[in-house]
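Contents: one structure, followed by commentary.
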Amino acid sequence: MSNEKLEQLRSDLDAVNLQLLELINRRAELVQEIGKVKLKQGINRFDPERERQMLNLIVENNKGPFKDSAIQHLFKQIFKASLDLQKDETQKALLVSRKKQKDNTVVTLGPVEVGGGEPVLVSGPCSVESYEQVRQIGETLKANGLTLLRGGAFKPRTSPYDFQGLGEEGLKILRQVADEFGLKVVSEIVTPTDIEMATQYVDVIQIGARNMQNFELLKAAGRVNTPVLLKRGLSATIEEFIHAAEYIVSGGNSQVMLCERGIRTYEKATRNTLDISAVPILKQETHLPVFVDVTHSTGRRDILLPTAKAALAVGADGVMIEVHPDPDVALSDAKQQINIPQFNEFVAKLRESGLYKESAPVL
Ligand code: PEP
Ligand code: MN
C-alpha cells in the first residue's frame with residue numbers, strides 16, 4: 001500500500017516537473033519577445049529595477065512551504081538564464097577574445113607591426129638614469145636594427161627608499177633619444193592622471209605588473225589612443241590578466257599588447273617563474289599580441305637566451321629584455337641587466353636561431 005502511494009507521489013512529481021518545464025520555456029519565449037522589442041527601441045536588456053519589481057510580486061504571493069529567500073534565489077537563476085538566452089556566444093565573449101575577433105590585433109609602431117607575424121624586441125634599461133645612458137642604448141638598438149626602446153621613468157619600487165625614477169624628465173630623455181635614432185618609446189606610467197601627459201612623450205604606455213589591477217589606471221589608459229603594453233600581475237591568473245586587458249579595450253583603446261613577466265611561485269632558482277604556457281593560451285584565447293619579458297621573469301643573465309628562444313618557439317610576438325651600459329652601477333635591477341656587448345651577442349644568437357629576423361630599415 002505505501003509503495004503504491006510512493007509511486008503515485010512520484011508520478012505527480014513528474015507531472016509537475018513537466019508543467020514547470022513547459023512554463024519555464026513559455027517564460028523564456030516571452031523574454032525573447034521582450035528582448036526583440038527592446039532591441040528595436042534601443043533599450044538595455046538588463047533592467048535591475050524591473051527585476052526587483054518581479055521579485056517583489058513573486059515574494060508577496062509566496063505561500064510556502066519555500067521560504068522567501070529560497071524563492072528569490074530560484075527566480076534569480078531563472079532570470080539570469082533568460083537574460084543569457086538573449087545573447088549568442090559572440091555577444092557573451094569579451095572584446096579581447098578570439099571568439100569576438102578572429103584576426104590578430106596588429107599594433108603598428110613605425111616600421112614594426114607587433115602581432116603581424118614577425119617577432120620584435122623591446123629593449124632598454126630598467127630605469128632612465130641620464131641622457132648619456134639612454135643615448136648609448138639608443139645607438140645600440142639602432143646598430144642592431146631594432147625599433148622599440150624601453151626605459152622606466154616612473155619606477156614602482158618595493159622599498160620607498162629605492163630610486164623612484166626621473167619622472168617626466170625621464171620621459172623627455174627617452175623621447176629625445178628615440179627621435180635621434182628613429183626609435184619608438186615604451187615606458188611605464190603608474191598614475192591615472194599622468195596618462196594624458198605621457199602621451200606627449202611615449203609611443204607605448206606600459207602598465208606594470210604591480211598595477212595590472214589598478215582599475216582606474218586601466219580605465220585612464222582606455223581613454224587614450226596610445227598603444228598599451230600590459231604586464232601580467234605578480235600573482236594574477238590568466239583570466240584576471242585577460243580581464244585587465246578588457247578594461248582598456250572596453251574603454252575605447254583597442255591597441256593593447258600583453259606581456260608575460262613571470263609569476264610568484266615557491267621556486268627560488270629564478271626571480272619569478274616564467275609561465276611559458278601562458279603564451280599559447282593568451283594567443284588562443286585573445287587576439288592581442290603577446291610578449292615575454294625574459295629579464296624580470298628569470299632574473300638571471302645566464303638563461304635569457306634560452307628563455308627568449310622558448311618564448312618565440314611557443315608563439316610570442318616579442319621579447320622584452322633589459323640592457324644597461326654599465327649594469328653594475330644601475331640604479332635598479334643591477335643584477336639582471338646585461339651590458340651592451342652581451343646584448344649584441346644576445347641579439348645575434350637569437351637571429352641565428354632562425355626564430356627572429358627583425359631589422360629596421362636604415363634611415
Ligand atoms: C619593468 O618592466 O620596468 C617592470 C617594473 O617590470 P614588472 O612590472 O613586470 O615588474
Ligand atoms: Mn627592471
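Including glycine, each Cβ sits where the backbone N, Cα and C put it.
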To which of the residue ranges 6-33, 174-201, 230-257 does TrEMBL assign the term coiled coil?
6-33
Average pLDDT across the domain 'Chorismate mutase' (1-90), rounded to a whole number:
90
